[in-house]
Amino acid sequence: MPSFDEVLKEAGEFGRFQKRVFFLLCQTGITFSFLFTNVVFLGQAPDNYWCRIPGAAELSERCGWTLEEERNFTVLPLRLGNGSSRGECKRLDVVWDTLVSCTSPLTHYGNHSTGNLPLATCHDNWVYKQPHSSIVSEYNLVCGNAWMLDLSQAILNLGFLAGAFTLGYAADRYGRILIYLLSCLGVGICGIIVAFAPNFTVFLIFRFLQGVFGKGTWMTCYVIVTEIVGSDQRIVGIVIQMFFTLGIMILPGIAYLIPTWQGIQLATSLPNFLFLLYYWVVPESPRWLLTRKKGEKALKIMHNIAKHNGKYLSPHYSEITISNEEVSNPSFLDLVRTPRMRKNTLILMYAWFTSALIYQGLVMRLGIIGGNLYLDFFISGAVELPAALLILVTIDRIGRRLPFGIGNIVAGIACLITAFLPEDIPWLKTTVATLGRLGITIAFEIVYLVNIELYPTTLRNFGVSLCSSLCDLGGIIAPFLLFRLAAIWLELPLIIFSILAVVCGVLVLLLPETKGISLPETVEDVEQLSSDFGKCGKKRKHQDTNSYI
């Protein structure tokens, strides 16, 4: 009775069928990158706004003022009297009523000079020249409320975290494609509600839910692709991440063409509904079906794959061998119960956390320079392409562990050098910091692939989702770590990044090499893989099996 990998080899490990499914699911990387980064454009700071004096709206209507004239009467006296105030967070503590002159409204207050008029903190009633250009102007996220913009991104990351646990578990229990399709539907619906949220509370609630479903689409599509191809083609997981980079490069073009945040939100959310059409073209993972004792359905899918690939399964391929391992609802204990699984899990969790923390920290550090937001954002995405190309060139020649470790170590060394370079050669500091980002991007992309290859089918989606949840935790911590430590010493965050990256680089070298091996089906396979450092995929240990016709 043949094993699944033997049947897959006969049906075609990366034929026309897999290429079609791969290309379709890669589009998920584009839409997920939109969700992951669109806050940069949804939350653009308004160029021109001020705090309106009570009664100014009525007076402006009576006097026929334009917004610019109202602003001059409101802000100009404030600047003359208090040069440190721009009229954004402070206003004159006066009330304009019907007795106020249209030409000189402040003369109503007698001989007081503008410098002697009291000031009041503005809590609401801001005026924006473009009131619907971003969520900042839509929900008044300025001055004392500015922290709420950071909260909106933290809430999204919390959604990613919740999605990693809930939908990762659901995909292992109920199936990859079902959870993928439900997640796509959820992202689309929540995205529409976010675009038309009547207040900031509703915005946050459905942005959180969009994060939950968004994580479901990204992680599940990644697992589906790697489970239907042969061991030599699993670097397609790296190519999926190139589509994530492509999305980063496309997003500034969308934001440039659409002037309102609602339009950007809809343009980046609605494409998820198109993925519902995959119900008719993307099958359930046959590996997962076998672990759920549904061998008949798995065999039917394999015959369909062979047909589309122009192959023919031999008549004796009427049964597929699966392990006798009992299938139960996955839990964290399953990931740490055995020694090798425990070591892999702890190292991978640290690698996810470190990669996300350093990656986002370096992005924010390079992003503090001024310039054209749309062009800078495009370039920041383009910088990631060489990382993916280096991985594609090296990963099947020298394996996973070495590039994984070197990427982290290079990032750590680059951060350390950047911290001590003199300020009078900024181009060199930027170049070395960019090299650090290149290194951590390589590590960040490889951790996806290695994570999938080190878990058995029964725990794969749950294991990947759980470990990658540390990525979301790193994303939440990154801005606080960066800015708080920078307040002590500007380069202190780079020292911390350096230590974290070098330690990670050493730890990942303790993981087993997964180049060219079959995906493990059981925990026992993982234990054998780890102890033999990659020989399991070439020669499997004999074990009791069941077969399904």
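Cβ coordinates come from backbone N, Cα and C, glycine included.
Remember, it's a predicted structure, so these values are computed and weren't measured experimentally.
Positions annotated as transmembrane segment by TrEMBL: 21-42 (among others). Nonlocal intrachain contacts for the transmembrane segment (21-42), taken as residues 6+ away from its ends with a CB within less than 8 angstroms of a stretch CB, comprise 134-135, 149, 152-153, 156, 184, 187, 191, 210-211, 214, 217-218, 221, 224-225, 228-229, 236, 239-248, 250-252, 254-255, 261, 264-265, 268-269, 271-272, 275, 278, 281-283, 373, 377.
Residues or ranges marked as domain 'Major facilitator superfamily (MFS) profile' in TrEMBL: 99-516.
Long-range neighbours of the transmembrane segment (154-171) within the same chain, counting only residues 6 or more positions beyond its ends whose Cβ lies under 8 Å from a Cβ of the stretch, are 35, 39, 179-180, 183, 204, 207-216, 219-220, 223, 329-330, 461-466, 468-469, 471-473, 475-476. Among the features that TrEMBL reports, transmembrane segment is placed at 154-171 (among others).
Taken from TrEMBL, the feature transmembrane segment covers 178-198 (among others).
Positions annotated as transmembrane segment by TrEMBL: 204-225 (among others).
Residues annotated as transmembrane segment in TrEMBL: 237-258 (among others).
Counting only same-chain residues 6+ beyond the ends of the transmembrane segment (264-282), those with a CB under 8 A from a CB of the stretch are 20-21, 24-25, 27-28, 30-31, 34-35, 38, 41-42, 177, 180-181, 184-185, 187-188, 190-192, 194-195, 210, 217, 224, 251, 254-255, 258. Annotation comment: TrEMBL describes 264-282 (among others) as transmembrane segment.
For 347-368 (among others), the entry in TrEMBL reads transmembrane segment.
According to TrEMBL, the transmembrane segment annotation covers 374-395 (among others).
Beyond the transmembrane segment (402-421), the same-chain residues lying 6 or more positions past its ends with a Cβ under 8 Å from any Cβ of the stretch are 351, 354-355, 358, 362, 390-391, 394-395, 428-429, 432-433, 435-443, 446-447, 450, 491-492, 494-495, 497-502, 504-506, 508-509, 511. If you look up TrEMBL, you'll see 402-421 (among others) marked as transmembrane segment.
Annotated transmembrane segment per TrEMBL: 427-450 (among others), in sequence order. Remote same-chain partners of the transmembrane segment (427-450), defined as residues 6 or more beyond its termini with a Cβ less than 8 Å from a stretch Cβ, comprise 222, 226, 234-235, 237-238, 241, 348, 351-352, 355-356, 358-359, 362-363, 365-366, 383-384, 386-388, 390-391, 395, 400, 403-404, 406-412, 414-415, 417-418, 421, 464, 468, 497, 501, 504-505, 508, 511, 514.
Annotated transmembrane segment per TrEMBL: 462-482 (among others), in sequence order.
Within the chain, the transmembrane segment (488-511) has long-range Cβ neighbours (under 8 A, six or more residues past its boundaries) at 343-344, 347-348, 350-351, 354-355, 357-358, 361-362, 365, 401-402, 404-409, 411-413, 415-416, 418-420, 436, 439-440, 443, 450, 454, 481-482. Per TrEMBL, transmembrane segment is recorded for 488-511 (among others).
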Chain residues in Cβ proximity to the transmembrane segment (462-482) (below 8 Å; excluding those fewer than six residues from its ends, i.e. six or more beyond) = 150, 154, 157-158, 160-161, 163-165, 167-169, 171-172, 215, 219, 222-223, 330, 332, 334-335, 345, 348-350, 352-357, 360-361, 364-365, 448, 451-452, 454-455, 493, 496
Ask   = Looking at the stretches 178-198, 204-225, 237-258, which one shares the most CB pairs under 8 Å with the transmembrane segment (374-395)?
value = 237-258
